[in-house]
Amino acid sequence: MLKSALSRLPKSLLFALPLVLVAMAYWGVLSCDYVWDDRPAYADNPFVRQAGDFFAAVLRPALPGTSYFRPLVLASFILEFRAFGAQPWISHAVSLALHLFNTFMLAWVVASVVRDEQRYKCAALAALVYGLHPAMIEPVAWVSGRFDLMVVSFTLMMCWAGLNLSGWRRNLSAGLLYLCACFCKEMAALAPLILFALIGLQERHPFSLRAWWAVLKDQRRLLLWLSLLLAGVLYLALRVRFIEGVMHVDSELTSALTSLGSRAGFVGATLLFYVKLIVFPFLQISPLHPLEAAAGRPVVPVAEGLAALGALLALAIWLVRRRSRWAWFLVAWVAAMLPVANIIPLTIFGNIGHERFLALPMTIVALWVATLARPLFAAPATTIARTAAYMAAGIWGGAALLTAWATVPKWQSDYSLWSWVYKTHADRPFVQLNLLNAAVMAGDLETARQVIARVGETRNLSIRLLTGVVAVRSGEFERGIALLDDVMASQPLPVGGADQRSGGGSAQAMPLGLRDQYAWWVTQGYGARAEAHLELGRYAQALSDLDWVRRYAPDYAPGYLLASVALYGLDRLDDGDRAYQQAEQFYFVEKRADVDRFRVQAVVRLCSASTGRPDTVCRAFASRFPEQFKGMSR
């Protein structure tokens, strides 16, 4: 009965159903904020938000200090922020739209590969598997996952063009789409091999060297392969031209992998991790998947990894010897996985992998599942087998929906995100630091104090720094200053060949990447110390601290705002006004009313003091804002 009902559905409805379910699963992302590094890297990054030179902005590394060359995604952020400003719901709507588009495009690619009367049912099933798989929650719910979503978009379009178009239209479009995929993320490097395998599946070649050669030497496709090769060469040339360094690696992991066997074991362990995540993801969803650590160093499960790699090689040999068409799927999946298989250890904070890295490989898995289920859509399939398959699909789909509904709210904010991760990784300094920072930003000083208590004595300077910030925000100004002084004495700042103990120099003389490396440290430490000095009426000391903030974070708006308050406290009206005008340049338009309100309230407090009133400033502000200064003697 269900089979006959499915056969009567128009293909448009078969494609619409997965899209509706995917939209239902992820609709909650529209209420999520920017989290993790969304703000510093993109939403609050002046290179992205206020890019004067568009091409200079998109041709720089996607993250400071990296070799990520991803101009197309950076361009999408710049254009979005120019059109709409930094509005989280807009950014998340873009992510959801990209995921829906990818789900739709995958359905058409599957229909292009299967090419028989069951193709639309297979396409709908693949769309459901891909669109609802819990591994896709991370790239959809996290704005920074746009890199993964866009590389999938262009890779799928490239594959569709290669499978369906012909002549110069196919060659030109496939080459351009491959270049665009490379401009989104390095995962696209082996995308032509994915297309190669899909062509083998489409033409139903048994897997063999003769089949490989038949696909390669086909006169109709020689220019297709040439266009893809030229696109790859052009990408590499542009990358070398604009990016310093070919790649960056996790030096700690690299030093731990001292032999070829250990490196192979790490690759195998990585692939095994992703296989587990693909097969049963429901209990493994998390932003972090850290390696176990011993003596402060990551421990790689080499034996387990070598066993997994051996099993994969045995499977490959068995499929090749049988000339099985399933070997084409293995080729495509390995091509999608290799860039994230830790052949060169990735710099992902000691994690073995991330769910977002499955955005591209899951397209191959979904195609494989749909092809595997194809006989169940055909007449020879038994009723029992078909019913069991539909029940299994329904249970899996329901579990995937529930997982999405339960997980998406955890990406609501930095505070909710790191509170979730903290439950399972409470003893990891990286998690402690991020929750502590999120709690400070959210004003939840009680949670911040609980994290500090759990950490106890620590050598982690960043956590110690935030401990001082919490003390300041808790009103313990002298204690906070003492804690911050102690920490900052342990981490002198390089300034043009000098440091803060010797004075002089300029942060502007350092490479931008080095300055950025210290920006968070300075804005938190010196910024909090300036806050404490302002509360204690030590305006000169506060101004000195804020000079350091403005040196290392010249686009950090609060540094100029607090400096204006310190200058007003010193009764330097004109200097204070100039500092405030500088602050306005760095605050986005939608924030300026709140900023002006903060300034006026700060001056009201200065002028309400019984001693040390800045009379010149008070008279000027009483004239500018008579309502706020009503009843206050001039």
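Positions of Cβ are set from backbone N, Cα and C atoms, glycine also.
As the structure is a computational prediction, the values presented were derived from the model and not from experiment.
As written in TrEMBL, here are the features:
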TRANSMEM  89-111  transmembrane segment
TRANSMEM  123-143  transmembrane segment
TRANSMEM  149-168  transmembrane segment
TRANSMEM  175-202  transmembrane segment
TRANSMEM  222-243  transmembrane segment
TRANSMEM  264-286  transmembrane segment
TRANSMEM  298-320  transmembrane segment
TRANSMEM  327-352  transmembrane segment
TRANSMEM  358-377  transmembrane segment
TRANSMEM  389-408  transmembrane segment
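Highest Cβ contact count with the transmembrane segment (123-143) among the listed stretches 298-320, 327-352, 389-408 falls to 389-408 (criterion: pairs under 8 Å). When Cβ distances are compared across the two stretches, the transmembrane segment (149-168) makes no contact with the transmembrane segment (298-320), since fewer than 3 pairs at least 6 residues apart fall below 8 angstroms. Same-chain residues lying 6 or more positions outside the transmembrane segment (389-408) and placing a CB less than 8 Å from one of its CB atoms are 2, 21, 24-26, 28-29, 32, 125, 128, 132-134, 137, 141, 281-282, 285, 373, 376. Distant neighbours of the transmembrane segment (327-352): 66, 186-187, 189-191, 193-194, 196-198, 200-201, 205, 207, 247-250, 252-254, 257, 263, 266-267, 269-271, 273-274, 288-291, 293, 298, 315-316, 319-320, 360-361, 363-365, 367-368, 371, 430; these residues of the same chain sit at least 6 beyond its ends, with a Cβ under 8 Å from one of its Cβ atoms. Highlighted: of the candidate stretches 222-243, 264-286, 358-377, 358-377 has the greatest count of Cβ pairs under 8 Å to the transmembrane segment (89-111). Here the transmembrane segment (358-377) has long-range neighbours at 3, 6, 102, 106, 109-110, 113-114, 118, 121-123, 125-127, 129-130, 133, 135-136, 139, 145, 148-149, 151-152, 155-156, 187-188, 194, 201, 274, 277-278, 326, 329, 332-333, 336-337, 385-386, 389, meaning same-chain residues at least 6 beyond its ends whose C-beta is under 8 angstroms from one of its own. Under 8 Å from some Cβ of the transmembrane segment (222-243) lie the Cβ atoms of residues 59-61, 67, 69, 162, 168, 170-172, 174-176, 178-179, 182-183, 189, 192, 195, 216, all in the same chain and six or more residues away from its ends.
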